[in-house]
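Asks: This is the structure, below, for whatever I ask next.
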Amino acid sequence: MTIKIQFKQTLGETNFDIDLSLPRNEISALFGRSGAGKTTLINVISGLVTPQQGRIAIGDHVLFDSEQGINLPTHKRKIGYVFQDSRLFPHYSVQGNLLYGVKEKDDAYFDAVTDLLSIKPLLKRFPISLSGGEKQRVAIARALLSKPDLLLMDEPLASLDMPRKREVMPFLEELSDKVNIPIIYVTHSLQEILRLAQHLAIIDKGQVTTSGKLEEVWASHAMRPWQSFSDQSSLFEGKIEAHHSQYALTRVKLAPNASLWVQKIDGEPDTPIRLQVRANDVSIALEQPKATSIRNVLPAEVHSIEAFNAGDDKQSINVSLQLDDGCYLWATITPWALDDLNLKVGDKVYAQVKGVSVTQRDVALAPH
């Protein structure tokens, strides 16, 4: 089953025309610049905004249908909502906030949720005594305790400083693995998408510009305007293949005939991971180097060549290199290098990636 969102609405100068299908049991990220319409989209799903026309359904459960006259009120849609700010009741304890609005007592589920988010020690405290990260964990738990069919999260880390973001992120990763509830996650952070999402939809000016599996959208032309020169990268779903105990490196299998040595990753062999390789950390050679400090030298074929203009006379060339069937690596080189190597689509080359260039910030456990 899927989540179907189709509606038209005019708000201010933005004409929304949304037609979006999202998977039922995954984290789907909505990405785009501020004012693109991401929050409006989830407010329509929740019932906080009523569109002029359209249809919204979670599987067979219809929330809104303008033709049939269906418009369930917010409290009957079985949707949990986590806002940018926690919106806790200041005069209630944490436990009081968690139980507010809970219709059926379920001690086992309460224990499971509070354990998952590590907030049991906070139950007797009041919001004024909590850190920003603790407040957001309580807000997430409150949303889960309503036993929703869908969880909406509107930039839940946006108001937190970096230490608090690092505090909350592991709990969000746990959600994707342990909670069997579809999550629609609004963000403008590529790092959060890398760590959390399985599906990605890009929203711009009230329209869905592209939507699909994260790896496919990440590699598409639709992502290029959102990535700076240093952000251009390839995203891989791989598995830990082996560890090199002497040199603190881990070999990651990207495809049957393609592996990378990267800085050591904690995990057992066969652990599925997601790996980001920045395009400006990849170089190209026409012949296999015989003596080099670079640990990864991979045979490849030039798949595509594109010019990239970053403005202010900054020009670069993005080269897509095929490492194996369905496995592609982006390399960013200068126009000078392109001319000097005389690269053409179909050329056999070698991709070089430093083992130290892929660090912990580029690695995440693959969401299930």
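Heads up, the Cβ atoms here are built off N, Cα and C, so glycines get one too.
According to Swiss-Prot, the ATP binding site annotation covers Gly32, Arg33, Ser34, Gly35, Ala36, Gly37, Lys38, Thr39, on the basis of sequence analysis. According to Swiss-Prot, the domain 'ABC transporter' annotation covers 1-230. The domain 'Mop' feature in Swiss-Prot is assigned to 291-362; the stated evidence is sequence analysis.
Could you tell me the structural context for the features on the list?
Replies: In the three-state DSSP classification, Gly32 (ATP binding site) falls within coil. Sequence-distant neighbours of Gly32 (ATP binding site) (same chain, 6+ apart, CB under 8 A from its CB) are Lys38, His188, Ile202, Ile203, Asp204.
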Asks: I need the neighbours of the ATP site defined by Gly32, Arg33, Ser34, Gly35, Ala36, Gly37, Lys38, Thr39. Which other residues of that chain put their C-beta within 8 angstroms of the C-beta centroid, in sequence order?
Replies: His188, Ile203, Asp204
Asks: Ranked by the number of other Cβ atoms within 10 Å of their own Cβ, which of the binding-site residues Gly35, Gly37 ranks first?
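Replies: For the binding-site residues Gly35, Gly37, the Cβ with the most other Cβ atoms within 10 Å is Gly37.
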Asks: Which residue counts does DSSP yield for the domain 'Mop' (291-362) in the helix, strand and coil classes, in that order?
Replies: 10 helix, 40 strand, 22 coil
Asks: Can you check which residue among the binding-site residues Ser34, Thr39 has the largest number of Cβ atoms within 10 Å of its own?
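Replies: Sorting the candidates by Cβ neighbours within 10 Å, the top entry is Thr39.
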Asks: Find, among the binding-site residues listed as Arg33, Lys38, the one whose Cβ has the highest number of other Cβ atoms within 10 Å in the structure shown.
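Replies: Output for this query is Lys38.
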